[in-house]
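Here's what Swiss-Prot has on this protein:
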- Cys65-Cys93: disulfide bond (DISULFID)
- Cys72-Cys92: disulfide bond (DISULFID)
- 1-19: signal peptide (SIGNAL)
Amino acid sequence: MRTLTLLSAFLLVALQAWAEPLQARADEMPAQKQPPADDQDVVIYFSGDDSSSLQVPGSTKGLICHCRVLYCLFGEHLGGTSFIHGERYPICCY
């Protein structure tokens, strides 16, 4: 019984020691800066030729595109480029 109590106490101390650095790192992270309300311009460029399906009404039915941070997900294709606050991001469609 003493062994179980000792092991439980050791486990709790180990968990507490492991959790403290995580909390310290979370406290050190700066809050994400929010853009001003009047700075919401988004420029989007689509790749492709002039006869692309983006100009034909109804042909884009069911096409869903997202501006991604780094790269397109599995099953998506690169549909263009977006610029948000001067940063370039891929537009991925499926």
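Placed from the backbone N, Cα and C atoms, the Cβ positions cover glycine too.
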Inter-residue C-alpha distance, Cys72 (disulfide bond) and Cys93 (disulfide bond) (nearest angstrom): 8
Spatial separation of Cys65 (disulfide bond) from Cys92 (disulfide bond) - C-alpha basis, Å: 5
